[in-house]
Every structure is written in C-alpha cells, then in structure tokens.
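Trainee: These came from TrEMBL, pasted as-is:
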- 79-99: transmembrane segment (TRANSMEM)
- 119-143: transmembrane segment (TRANSMEM)
- 155-179: transmembrane segment (TRANSMEM)
- 185-204: transmembrane segment (TRANSMEM)
- 236-257: transmembrane segment (TRANSMEM)
- 263-285: transmembrane segment (TRANSMEM)
- 393-414: transmembrane segment (TRANSMEM)
- 420-438: transmembrane segment (TRANSMEM)
- 450-478: transmembrane segment (TRANSMEM)
- 506-629: domain 'STAS' (DOMAIN)
C-alpha cells in the first residue's frame, strides 16, 4: 500500500516542534493574553520611578492625561453640548426615577454626582452619563417583589441605594481584575431582544400614567399589565388620555423631523423639556390637577444629601439587593460600553473596556453614597451629546453643573408637571429602542441569532425581565456549547490548475483526489468534541468508500486530516486521534496530518503520538501531503505493473 521509506525519492519540509518553555513562563504568557490583551504596561518600560507614577495616575484617572491640553475652543463646543444634554437629562431623570418607583428628585440627583466622577475616570469623549429605563425597570421589578415602594418607601429607597452600591462594586471589580470579557457573553442578539422586550414592557406600564390610573400591577409581564388596565375601565380619565396622546404625538413628530433633517437634531433634543414646560403651564392655568391629571408635586430643593448611612447592609433583604445590583450592573455596563465603543469607532479613537468598568463602578459607588441610583451611558443622551458637537468628557461636567443649578433654584417650577407628560417622554424614548429593522437583519443573516433575539423578547414580555435575561443568556451559552461540541468538518477538493484545496460544498469546481480523502477540522479538539469528531471522521470515511465503490474509482487508501484550524488539543483529543489511527489501520488506510500548529505539535510529541503515526506522515501543507500520497500510489502502481508483466508467460520460448 505504500513505502514508508520513500524519503530518498520524495522529500518534504518537516513540521517542526516548538522549543519547550518553562511552565511558569507559559502560564505567565497565558495569563497576560487572557487579562492584558492590550498590554497596558508597555508604556512603563524603561521609565523612571517618577514617570511611572505619573503614567499610573494618568492610566487610572484619564482626565490628568488630556486636561493639560484642553483649550477654550474645546470648552465652547463642550459647553453647548453640555447645556443641550442637560435639557434632556432633567425630564428624563424625573421620568426614569418614576419608572423605578423612586422620588423624582432622585432622578435629578443621579445626573449630578455620577457624571462628575465619570468625567475624571472615563475614557470615552462622547458618553453622556445618566439613569436609563431598563435598569430602572429591573430595580422596580426585582426590589418591588420584596418591599412595596408605596407602603415602605424608606426601606425601598435604602435597598435601591444598596443595590446601586453593589452594582458599582461588581463593575469596578470586573475592571480591576481585567474580567471585561465576561460582558462579551451578552451577544448583540441577546441585548437586542432583551432591550426590545424591556422597552415594550416599559411602554405598556406607562399606560398607567396616560390613562390616569392610581392603582396598577407591580408585575411586568404583558398579561398582568393588560389585565390591570382593562379591569379598571371605569377609572380611566379621558382628560389625562387626551393630554398624553397630544404630547406623545408632539414628541414623535419632532423625532421624525429630526431624522429627516439631521441639521435640526436640537428640535428633538429640546422636545422633552418643551413638553415639561408646556404641560406645567397648561396644568397651572387650567387647574387640571383637580380634574384627574396627576402632577409631580413638591420637589425638595438643594443638592444631593449624603446617603452612605442609608446603605442597608444588615437588612434581611440584602441578598435581593446584591442580586439586583449584579443583574442591573451587568446590563448597565454592557449598554454603556457598547454605546461608548460605537461612537469611538465613528470618531476613530479607542476606549478601554476595563477602564470604563472601573469608571462605571466608581461613579455608582459614589452615587450610592450621595442619594443617586444606578447610572450608565444611555444611547439617546450620548447621541444628543455627539450631535451637539462635544469634544471631551467636560460636557458631562457642564451638564452636571446645569442640573446642580436646577436642584438649587428651579425645582419648585416642576410642581405642576403632569405625570402624563413624563409617561409620554418615556414611551417616546422607548419606541426608539425597539429596533425591528435589526431583528429583520438578524433573520436574513443568522436564523439562530434571530431565535435568540426573539426568545429574549418573548421571555421579557410574557414572563419577566429576569426570565427574558436568563433565556437569552442560556441560548447564547447553548450556541457556544454547540460550536465547541459540534465543530464543522468538511471534505477538501483540489481547485483546477492550482495547488489550492477548498471545501467541495462551497466550491463546485473543487474535485476530490482519487484514493485520497482530505478532511478539514475547523476547531480546537477538546474533551467536549473529541467523541463527535471520532464518529464524524469515521462517517466521512464510510461515505467516501461507498462513493468510490459506486463510481468504480481507485479505492480509498489515504486519509489526510487538515489541522490548520486546530489551535489546541487536549488529552481527550489525542486519544481521539489514536482511535482514528487504529480505525484507519483496521481498514488498511494510512492516516496523515497536515499543518498542525505549534501547541498541537508539542502535545503530540509529549504524548508520543508522533512516534505512533510516524514523522514522515506529518506534512506542512495539504498540497505536500497529497503529492506524497500520489507519488506512492503511482510508484506502487508502476511497480505492480512491472511485476505483472514479468510473470506473463512467453509463448515463443
């Protein structure tokens, strides 16, 4: 079937085994690649101690790096952007605080201290900090189950501050431990479906404000919400409904106009504050609060009071607060980093995910001690900041200053602000989050991603926010497991007039080589997929032998495993290769390996598999392996013909 000592006639480049490295050096390299892929220590090399300290401070406090280069021209742009996002932050802060069942002033507090902290520690130039709808809904849903915010508002508020504190600790810990890759397990499809479902639930819950209802369900699923709405038909207030629909139409109209005319983006930005002012004036002069239109009422003046003494570390509900903090912290962190990276790509600069986590964590820890609840970088506010022309994080400082002035001087003006206007603002913002075009795109590109997205959406809408999140993460992890446990394998064929070998299913011109089966393994070989790969390779061999018997071609004699995509292998994978080798020997087939990587070669060498298969059967490329097989096939065929001709009797003798 072949000559094992054909190297004298046919030589090939040997596949080298990398030089062994000390275990500690290998471990250090692996840890560095896992936790420090951006190599943050390179700038510290060959620097004096003073310079290293200065660089260290600049790394952890980025404002020290860019502040010395800050100019008045930059400040003018940041000032305009800061005032613009402040006009959005005030109504949104009040609205989202209500969504979390918190006093409206807490929403204003949350737009004062956290943006100041982020401006010093954050690495994004455009991220605008503030509270957001989905974490607000999560806080209300998770903490509202154990403490009623209306019956025991003080304890509820303490748990919110405690949850915010643990969210900050969790976020900062991930950043300090360089574990930002954990957030990557929340895929784009997962976040898309989760956010869409949460936005749908938020919109439905705002029907309470639109219809002027006083009592409403604390559940978040669509069935409970609709039951609560239609079971109170006699309590619907037409005055509130008309007012809410008018303001919602106004907000949607301004958004539509701003999308058609991007130069007038400021019209959509000013619409929420304009709605608040118009609604307050209308209620004040018509006394609509006496006719079923609910208003905010008294807002306490003054800046954030300290709340570190309100952190309920000894509460019986501490476990719930920790769980709420971790869940909301992950969602807020994922949204903030994704938004920051999106705008950084547009402006061609880089933001450090781990720095962002530290910044988010520190601003939420500081916020929990200064009467704030969870904040991050919402897309809507950041988009306004970007379109307004911000240049640095100073726009957050300007916004925080404007909110501080509002807290000190202007809070009495919000007394007559109708709750229905705040509901309209929330619905308008949430409708922009439901991205059905992105879902359609997922359907066209990847059906499984679409399934993950829809499952997450349905889980949130028909179950709860936690159920939707668990379903989405579970399906994403299932996909990872499927990729690992069921890797792709396919047969390679030769492209005509070349030495290139490609997938025969992808390239119709690629033809199989008679007598040779080339199998490409498209993943590392681990314990999770070793058994599957053994069975799949055996099936490929069976199919090839059956095909060649049907076509009366040269019988199969060689099996080449293309291992160019096998980045690593474990002991289970090596055992699998040994079984494949034994199976090939039983079938009178010769097994060859093509292009195994350095890590694979090291482990094959240490396990003595190279001696088992023979060094002469390991090749640098698929082309060399095929040439070697063809050489042996043709040599054997030629020799067999000579033997046959020499045994033919000569009639003339």
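Note: Cβ is positioned from N, Cα and C throughout, glycine not excepted.
Remember, predicted model here, so these are calculated numbers, not experimental data.
In the displayed structure, how are the listed features positioned relative to their neighbours?
Mentor: Away from its own ends, the transmembrane segment (155-179) comes close to residues 35-36, 100-103, 106, 139, 143-144, 146-149, 307, 310-313, 315, 317-318, 320-322, 324-326, 328-330, 332-333, 354-369, 371-374 of its chain (Cβ-Cβ under 8 Å, at least six residues beyond either end).
Sequence-distant contacts of the transmembrane segment (185-204), counting only residues of its own chain at least 6 positions beyond either end whose CB sits under 8 Å from a CB of the stretch, comprise 99, 133-134, 137-138, 220-222, 225-226, 330-331, 334-335, 338, 426-427, 430-431, 433-436, 438-439, 442, 446, 449-450, 452-461, 465, 468-469, 472-473, 475-477, 480.
Distant neighbours of the transmembrane segment (263-285): 84-85, 87-88, 90-92, 94, 243, 247, 250-251, 254-255, 257, 293, 295, 384, 387-388, 413-418, 420-422, 424-425, 428; these residues of the same chain sit at least 6 beyond its ends, with a Cβ under 8 Å from one of its Cβ atoms.
Sequence-distant neighbours of the transmembrane segment (393-414) (same chain, 6+ residues past either end, Cβ-Cβ under 8 Å): 63, 70, 74-75, 78-79, 81-83, 85-86, 89-90, 93-94, 104-105, 108-109, 111-113, 115-116, 118-119, 122, 124-125, 127-129, 276, 280, 296, 299-304, 385.
With a cut-off of 8 Å between Cβ atoms, the residues of this chain six or more beyond the transmembrane segment (420-438) that come close are 91-92, 94-96, 98-99, 133, 192, 195-196, 198-200, 202-203, 206-210, 212, 240, 243-244, 247-248, 251-252, 255, 272, 275-276, 279, 293-294, 296, 379-380.
The residues of the domain 'STAS' (506-629), classed with DSSP into helix (H, G, I), strand (E, B) and coil, number 66 helix, 21 strand, 37 coil.
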Trainee: Could you pull the average pLDDT for the domain 'STAS' (506-629)?
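Mentor: The predicted confidence over the domain 'STAS' (506-629), as a mean pLDDT, is 90.
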Trainee: Looking only at residues six or more beyond either end of the transmembrane segment (450-478), which have a C-beta under 8 A from one in the stretch?
Mentor: 134, 137-138, 141-142, 185-187, 189-190, 192-194, 196-198, 200-201, 219-223, 327, 331, 439, 442-443
